[in-house]
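K.L.:
After the structure tokens below, expect a handful of questions from me.
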Amino acid sequence: MKKFDRERVLLAVAGPVIALVSAILLTSVVLIASGKNPFEPYRLMLQQAAYSDVQVLIINQASMYYLAALAVAIGFRMNLFNIGVDGQYRLAAMMTAVAGANLALPGFLQIPVLLIVAIGTGAVWAGIAGVLKVTRGVSEVVATIMLNAIATSLIGYLTLSDVWGVQVGNNMTTGIMHKSGWFPGIDLGPDVGEIYGLVFLAVLMGVAYWIVLNRTRFGFDLRATGASETAAAASGVDAKRMILTAMLISGGVAGLSGLPLLLGDAHTYSLSFPTGLGFTGITIALLGRNSPVGIAFAALLIAFLDKASPALDYATPVAYEKEIATIMQGLIVFAVVVSYEAVRQWGLRRQQKRVGAELAAELAHHASQKEVAA
Amino acid sequence: MELTGITKRFPGVVANHDIHLTVRKGTVHALVGENGAGKSTLMKILYGMQKPDEGTIAVDGEHVVFSSPADAIARGIGMVHQHFMLADNLTVLENVVLGSEKLYGIGGAARRKIEEISDRYGLNVRPDVLVENLGVADRQRVEILKVLYRGARILILDEPTAVLVPQEVDALFANLRELKSEGLSVIFISHKLGEVLSVADDITVIRRGTTVGTAVPSETTPRRLAEMMVGSELPTPETAESTVTDRPVIRVDNLRLEAEGGRPVLDDISFTIHAGEVLGLAGVEGNGQTELIEALIGLKPADSGTITLGDQEITSWPTRKRREHGIGYIPEDRHRQGLLLEAPLWENRILGHVTERPNARGFWLDPKGAQEDTRRIVEEYDVRTPGIDVTAASLSGGNQQKLIVGREMSHRPKFLIAAHPTRGVDVGAQAQIWDRIREARREGLAVLLISADLDELIGLSDTLRVIYNGRLVADADPATITPEQLGSAMTGAVTGHLEHQEGSADSASESRKSESRKTESRKTESRKSESRKDETR
């Protein structure tokens, strides 16, 4: 059976590797077309990755990407497309910031409360789409996109100074959170920076994701629904309950994805809080094939592109546009979708062939037996 | 058209091997063989959907190579698929011209052409009706017209009668005779031997991927054809002794299920199955069998009526609870409902029984337990696989089915819904599956058996019911009933209790007519019907 295991590893790695290689090649084509050196930018970015302060930035960013991508992946595993992670995490981060500024419990209570607020807000926001889908048959894609827009407006309203907002200079914030809600990080010195403490939450969530999916009944039902809705229904999965539960969990995890930054560094929700984590999360979940380890690599890769690319603008003697990294991210998405489907089909055929081959000898043997029997 | 030495290999299997087939102009040529014998592959080769690895195809004496269906169409070969390829929301005219707009445009010229073809071959197709308003037989005629419109001189019909009732079959055969009188050739793929004998001019039998012989209808019998198809003594599904008890396991009372809009798809269904009893349900496909299964397993809520399992009413129970309480399910479409094709076998072992041992302990899954038990099932049920980590998709249909049967039986169900348990399964696996059902029946299992194979139904069942148009219209004793009588009840022609009428006046013509139904059985024929047929001849 070892040989099928090796086979599976090979297949799992083949997709991403093909995708990345083709994305890099295509990016080089773009560089050549615009009259630039097709390989120099990669060297420059890799150089950046050697600096420890950039490494800290990458890890911190990756932790947020990781959580957002997990949220997307939970939906993907049962064919639900939660595009609304973006709205869910922003609303959740804002609500958490408000709670953190207005609650003053001791740290061992404050932080769990804040986590619960974040999870709850994300879950409720995603749950709206879930309820709409289950009761009215509204596509979750449409509903969550709409909810993203509504979340933006809602945040804008709630951070007005006559609601919950506090104006600091030109920036609208939600006020500084109480210190008991600040999550301590690992300080690596003034030149290097601090790794957010909640990076470990991301790791924990990854482990939990794997356990729930692969070692619980619920996870099996979820995966079965994703693999074949009809087979899952016949095996006793209540599709509606499953959709709602998956949306709630996905939203809950999405709610956490802004927190490493919020509790680790920003300590307030303001206009400068990062947006778009949810969309990048979709890329990362795709690239990571919804597997907790794959998503971790993908999150690190995309965070690397994010954090190493700004230096391109200041490179000497020739500067490159940092948007090269954005182009590359886009190309990765294309390449991933194409190469994974190709590898999947190739793998299925290949396994059928191998199973057929293994049985061929036995089959021939059996056929001759049958002939004798007849 | 002539095929010589066609060989097609698929991963691990040779689907077609050294096939020889000669179709004469102006004839109906039947291609018969068991499910999985390689008919579909051959047909795909004929139609240019797949390329043969070896061998040649010649049309009108000219050697041809098809690399796509378009090439085949250009050569005058057209195909009518088993599953119709029509757009419901378009009219007949629109469906016909779709994709061939260049031929006669999309307006008056096209309409005239359609009407001309329709009249010439007696197809009776009205160009302006929406396809969604057409019945199955009409749709099939539209498909045939579509093919003729594209200038086909050789038509391939894939199991054209599977979805038709007998009268429609007769009408189709009349159309086919029209076609051949106009000099067209028809390749008729089927495993219903009675139909083949009544319509074909030549017959080619295909078994295990190769042509094993040809026959002329006037010189052969269904039984001889069946033996050519199977290649051995036919197994019989007959059960020896009755094991029926008086302990009811499942009771259905006045069950009614409505389609959207209130039309009943099941009405006034009542039956009881006792421990150790197999109740066989006969019926032409699409008469409510699927809905009945779904109502019993809990996928569709009953609109009225009750279902009782043992002494508990389960009408409002969800599917999972029903399965936990001992309803086993062998689905009619194993790919849709019975398996996760891309998941390993041991995960498929869990499917449907995720809350039960050995698959789970409380909240947690127990992969080790499931894997061990999968190994046991693979062993006991003779599932041919190199291991339990391969995907279900890589097994053959028969082995997939054995895995499903093994899985369902492993949970010692009280009541088993077996829908076409041996469909698309090779003869060896079929006998094993029958044995398993018999064995469980001896131990007190109640079985609802739904099958298109009348011999399987008659042979395995203790009681027979006939479903027609969503109602149970007739019942019969399998000990005395013949496939012919059952066949005529399935068309709604006869209702009530079916008695075996020895030598009744119209039995000869009746038996010929319903032969088509009967030979759904690719397996065996009871001695009785055999002797009757000899009388008929």
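Residue numbers in this text run from 1 along the chain shown.
Just so it is clear, glycine is given a Cβ too, placed from its N, Cα and C backbone atoms.
Found this in TrEMBL, in case it helps:
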TRANSMEM  A:9-34  transmembrane segment
TRANSMEM  A:54-76  transmembrane segment
TRANSMEM  A:88-105  transmembrane segment
TRANSMEM  A:111-132  transmembrane segment
TRANSMEM  A:141-160  transmembrane segment
TRANSMEM  A:195-213  transmembrane segment
TRANSMEM  A:243-263  transmembrane segment
TRANSMEM  A:324-343  transmembrane segment
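Mind running through what each feature is packed against?
P.N.:
For the transmembrane segment (A:141-160), same-chain residues at least 6 beyond its ends with a Cβ under 8 Å from one of its own Cβ atoms are 81-84, 86-88, 90-91, 94, 98, 125-126, 128-129, 132-133, 172-174, 269, 278.
Cβ atoms under 8 Å from those of the transmembrane segment (A:195-213) belong to residues 56, 59-60, 62-64, 66-67, 70, 73-74, 77, 183-186, 188, 219, 222-223, 253, 256, 259-261, 263-265, 292-293, 295-296 of the same chain, restricted to positions at least 6 beyond its ends.
Listed by sequence, the residues of this chain that lie at least six past the ends of the transmembrane segment (A:243-263) yet keep a Cβ under 8 A from its Cβ atoms are 60, 63-68, 70-72, 74-75, 77-78, 80, 82, 84-85, 88-90, 92-93, 96-97, 100, 111, 114-115, 118-127, 129-131, 133-134, 140, 177, 181-183, 196-199, 201-202, 205, 218, 222, 269, 273-274, 277-278, 281.
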K.L.:
Restricting to the same chain and to residues at least six past its boundaries, which positions have a Cβ under 8 Å from a Cβ of the transmembrane segment (A:88-105)?
P.N.:
67-68, 71, 82, 113-114, 117-119, 121-122, 125-126, 147, 151-152, 154-155, 158-159, 164, 166, 173-178, 180-181, 251, 254-259, 261-263, 267-269, 273, 275, 277-278
K.L.:
Using Cβ atoms and a strict cutoff of less than 8 Å, what residues sit near the transmembrane segment (A:324-343) while being 6 or more residues removed from its termini?
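P.N.:
Distal contacts: 11, 14-16, 18-20, 22-24, 26-27, 30-31, 41, 45, 280, 283, 286-287, 289, 302, 305-306, 308-309, 312.
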